[in-house]
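Enquirer: Annotation source TrEMBL lists active site, proton acceptor at Asp277. TrEMBL lists Gly115, Gly117, Arg118, Lys138, Asp150, Gly151, Arg201, Arg208, Asp287 with the feature ATP binding site. TrEMBL lists Asn278, Asp287 with the feature Mg(2+) binding site.
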Amino acid sequence: MSFPDAASLNSLTELSSEAATDSNRSAAPVHFGFQNTYARLPERFFSRLAPTPVAAPQLVKVNVELARSLGIDPDALSSTVGVEILAGNKIAESSEPIALAYAGHQYGYFVPQLGDGRAILLGEVVGEGGERYDIQLKGSGPTPFSRRGDGRAALGPVLREYIVSEAMSALGVPTTRALAAVITGERVLRETVLPGAIFTRVAASHLRVGTFQYFAARQDIDGLRTLANYAIARHYPDASKAARPIRALLDNVIARQAKLMAQWLMIGFVHGVMNTDNTSISGETIDYGPCAFMEAYDPATVFSSIDANGRYAYGNQPRIAHWNVTRLAEALLPVIAEEAGSEEAAVAAANEALAAFEPQFEAARLTGLRRKLGMFTESEEDAALAENLLERMRVNGADFTLTFRRLCDAAGGVKNDAGVRELFTDSDSYDAWATKWRQRLEKESITAEKRVEAMRKANPAFIPRNHMVEAALNAAISRQDFHPFEELLDVLSRPYEDRSDMARYSVPAKPEERVCQTFCGT
Ligand code: AMP
Ligand code: MG
């Protein structure tokens, strides 16, 4: 990857802060080694500003392993100075803070200017493997993009993003990560008054479909071209060698989104706000708001309080991802036309690229279902067999995660069927399907032991069940008790391992515990 020269602004800017943290550790220097390639792009791509200091920052959590993998000393990050940086009270050496400009379709309606209304990019760090990551504060105060918002975040949504993004990572799904959470010592006003917090996010980048839409909407073709080249250099360097690099960029983004949708569906994830500004160019899951995991299998599952029409329902997500990448293709048309020779050729190229979404998604989904069902080979009947199980799960209200986890035991023999059977209101419905499943598995010479082992790696025992997430958030907000949050993080860090001491995290909510709605809390 070749990038413009890194920052020359190396001054350590101290912002006014009378507030002390209660972390009494030594004020070790925090070395991020920030590079600022985005801040080298034209000034109209962002706004330069520092976070707004907060009253009394306190550390909630530092992600020790993640910090290490990024070459950041977790102890320094947890020190008084570290917490001041995480709270936005101090600017780290080598950081050039900026708020990024972007646009986006929200629930299908285009908003020409959104942007980081409550987030600030501190800079980029290069990880162990040479990959570049953005470090961003979320909830760090108002910016020129705040519109009517206060630029702040409440503790609940910050902890939710921490928990769910780390769970997604452990489940093996591309995602932004949680580096830290701090409370601000200030209150934020939402439906009620809530404790304020700041989340530190790590992302492959914060380029979104909406970033391209921002320049397209302004007919800023130079901006589009610059952005496309930046995205190629940062995420798809091979595309620069293609005969038509921008078409190759589009192909790559489409492929990543198609695969990501299959990964979401395989674990029952519902994003909740798949607006084009929440669709990452790198293919990571980004902007966790009213997200939640489905329990009883039903493609119509919706949690978000503001998604009244089910636009972003579990089963609708692939269709929406396709819609979102179609908006990317539209935005890129002027620069695809430059390399394709004409507008007509650009439209044909974009349509060709978009046509690849569905087959790529379907192939990834079928591969995923085969893994979940313990199939090592491919057979014509597999798709129908998988669909048939899903339909029976829907009719019988079977818990998605537990059905597949218990199928791992069932793969060991009929004698182990009881666990799955009891998840179906009509257990006979499971039996009828299982007979066909076993006939299919008999076509493979693999041992039952091997199959069970492989299936346990494809079907998690633990997902962030909504009532457990809610309980962890409530304990933190109402009692300043972070123990449930820590325990949940621990369980979710190894989602494919059975842990008898943590069994209560693996079962669905009882009817009275069920969480049917989530709120984005912005
Ligand atoms: P989100 O729903 O979090 O993806 O945010 C959509 C847009 O609203 C983005 O431009 C955010 O920066 C902005 N936004 C969300 N919450 C706030 C807030 N509390 N203050 C200012 N801007 C916000
Ligand atoms: Mg967003």
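Here the Cβ of each residue, glycine as well, is placed from N, Cα and C on the backbone.
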Enquirer: Measuring CB to CB from the residue listed as 'active site, proton acceptor', give everything in the same chain under 8 Å that is also at least six residues away in sequence.
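Expert: Listed in sequence order: Tyr102, Ala103, Gly104, His105, Gln106, Leu114, Arg208, Val209, Gly210, Asp287.
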Enquirer: Cβ distance under 8 Å to Arg118 (ATP binding site), same chain, sequence separation 6 or more: which residues?
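Expert: In sequence order, Lys138, Gly139, Ser140, Gly141, Pro142, Thr143, Ser146, Gly149, Asp150, Gly151, Arg152, Ala153, Thr522 meet the Cβ cut-off.
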Enquirer: Among the binding-site residues Asp150, Asp287, which residue has the largest number of other Cβ atoms within 10 Å of its own Cβ?
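Expert: Per the Cβ count within 10 Å, the most buried is Asp287.
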Enquirer: List nothing but the largest Cα to Cα distance in Å, as a whole number, among the residues Gly115, Gly117, Arg118, Lys138, Asp150, Gly151, Arg201, Arg208, Asp287 that the record says bind ATP.
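Expert: Looking at Gly115, Gly117, Arg118, Lys138, Asp150, Gly151, Arg201, Arg208, Asp287 as a set, their Cα atoms extend up to 22 Å apart.
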Enquirer: Taking ligand 2 as the reference and 6 angstroms as the Cβ limit (strictly under), which binding-site residues among Arg118, Asp150, Asn278 are close?
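Expert: Checked binding-site residues vs ligand 2; flagged Asn278.
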Enquirer: Check the DSSP secondary structure of Arg201 (ATP binding site), expressed as helix, strand or coil.
Expert: strand
Enquirer: What is the separation, in Å, between the Cα atoms of Gly115 (ATP binding site) and Asn278 (Mg(2+) binding site)?
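Expert: Pair distance, Cα basis, whole Å: 11 Å.
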Enquirer: Which binding-site residues from the set Arg118, Asp150, Arg201, Asn278, Asp287 have a C-beta atom lying less than 6 Å away from ligand 1?
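Expert: What lies within reach of ligand 1, judged by Cβ under 6 Å, is Arg118, Asp150, Asn278, Asp287.
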Enquirer: Just how many other Cβ atoms lie inside 10 Å of the Cβ on Arg201 (ATP binding site)?
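Expert: For Arg201 (ATP binding site), the count of other Cβ atoms within 10 Å is 24.
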Enquirer: Is it possible to get the count of other C-beta atoms within 10 angstroms of the C-beta of Gly115 (ATP binding site)?
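Expert: The answer is 23.
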Enquirer: Give the distance between the Cα atoms of Arg201 (ATP binding site) and Asn278 (Mg(2+) binding site), rounded to the nearest whole Å.
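Expert: Per the Cα atoms, Arg201 (ATP binding site) and Asn278 (Mg(2+) binding site) stand 14 Å apart.
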Enquirer: Just to confirm: which same-chain residues, 6+ apart in sequence, have a Cβ under 8 Å from the Cβ of Asn278 (Mg(2+) binding site)?
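Expert: Spatial neighbours, sequence-distant, of Asn278 (Mg(2+) binding site): Gly104, Arg208, Gly210, His271, Ile286, Asp287, Gly289.
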